[in-house]
Amino acid sequence: MKLTCVLIAAVLPLAVCQFDSTDASAYMRKNPSLRSPKRTRDCKTKGSVCFASSECCIQDCWFVCLY
C-alpha cells in the first residue's frame with residue numbers, strides 16, 4: 001500500500017507537467033509568431049534596457065541587451 005502511494009505521488013507531478021507542456025505546444029501552434037525564439041518583431045537592440053533575454057533580438061540580457 002505504501003509503495004502504491006509513493007508511486008502515485010511520484011507520477012502525479014509528471015502528469016501535470018505533461019499536460020502543461022501539451023497546452024503550451026498547442027498554444028505555440030495556434031500563434032506561429034511565438035515559435036521562433038529569435039523573433040525580430042518588437043525586439044530590442046544592443047544597449048536597450050531589458051528585463052528578460054526574450055526581449056532582446058539576439059536574446060542575451062543583463063539589464064541591457066548585450067548584442
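Even glycines carry a Cβ here, placed using N, Cα and C.
Here C50 is paired by Swiss-Prot through a disulfide bond, and of C5, C17, C61 its partner is C61. When you check Swiss-Prot, the disulphide partner of C65 from the set C43, C56 turns out to be C56. The distance from the Cα of C50 (disulfide bond) to the Cα of C57 (disulfide bond) comes to 11 Å.
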